[in-house]
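Structure, as structure tokens:
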Amino acid sequence: MSMTYLPAVHADVKIPALGYGLWQVPPEQSAELVSRALQTGYRLLDTAEAYYNEQGVGKGIRDSGVAREEIFVSTKVWNTHHGYAQTLQAFDASQRRLDLDRIDLYLMHWPSRIRDAYVETWQAMIRLRDEGRVGAIGVCNFSSGQLQRLIGETGVTPVVNQVELHPYFQQQKLREFHREQGVITQSWSPLGLWWQNPDPGSSVLQAPEILELSERYGKTPAQIVLRWHLDSGLATISKSVRPERIVENFQLFDFALTPREIKDLAGLDRRDGRLGPDPETADF
């Protein structure tokens, strides 16, 4: 099995299609789990200052035995550090915690509409890119309208927009806008699991269409859904603190869904499928 990569339109980088996410990974476990993920074959690590585990991520990279140039590291600036000077300071702090000379992808975690400083934040990120301190810059959780404003006021298009996306919430209109602008769509919550979901049994992993494909391919429902992301041209971030799941979630490169199967799964999309906050109304 080998990783697949998505070439960026707006930067000279190739982004691993499958990443290991560090959200909700306890700081004291992060180094060991990062090292294990890298040894399994993951090459993208997705962390953030708000995850409080950047220091462990850096240690896990050093402990893994995998060459730094093979690893694509992404971290994020949090909402409370929006603004030009604040973003530069937040980046310096993240870089110190990671103990890396260069960060491959720096992301704005949320647009934080109540602060309304995401354009200034983006301008600081452009400076970091131009100075060579980051390889590429992108955003998370931006709507098409927010992206239009960002691009219109700065002339710089994000390489990535990392958003909630899963078979129950496929974001087709946003993805079409991304294609028009040359933005890579990267999925968080790719399995449709959310810590505040009151009914875990309603997960897409229980959908009959997913269970049928699981039986057909001899793969777990989670592997079917993650493969759907890859076969749909998406980058995706999987996460687990269980070593066996870290391995299982990587075992995606020995099969592929057919175009017909991908089309059939489009029928799972729901108008009310969003599980997390809406960036247009989120008040943080």
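Placed from the backbone N, Cα and C atoms, the Cβ positions cover glycine too.
As recorded in TrEMBL:
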ACT_SITE  Tyr51  active site, proton donor
BINDING   His109  substrate binding site
DOMAIN    18-268  domain 'NADP-dependent oxidoreductase'
SITE      Lys76  site 'Lowers pKa of active site Tyr'
Task = Fill in the CA-CA distance, the residue listed as 'active site, proton donor' to Lys76 (site 'Lowers pKa of active site Tyr'), as an integer in Å.
result = 9
Request  = Return the residue, from the listed recorded positions Lys76, His109, with the maximum count of other C-beta atoms within 10 angstroms of its C-beta.
outcome  = Lys76
Key: Between Lys76 (site 'Lowers pKa of active site Tyr') and His109 (substrate binding site), the C-alpha gap once rounded to whole angstrom   = 5
Task = Measure the Cβ-based neighbour count of Tyr51 (active site, proton donor), defined as the other Cβ atoms within 10 Å of its Cβ.
result = 22
Request  = Could you tell me which three-state DSSP class the residue listed as 'active site, proton donor' falls into?
outcome  = helix
Query = Three states by DSSP: which one describes Lys76 (site 'Lowers pKa of active site Tyr')?
reply = strand
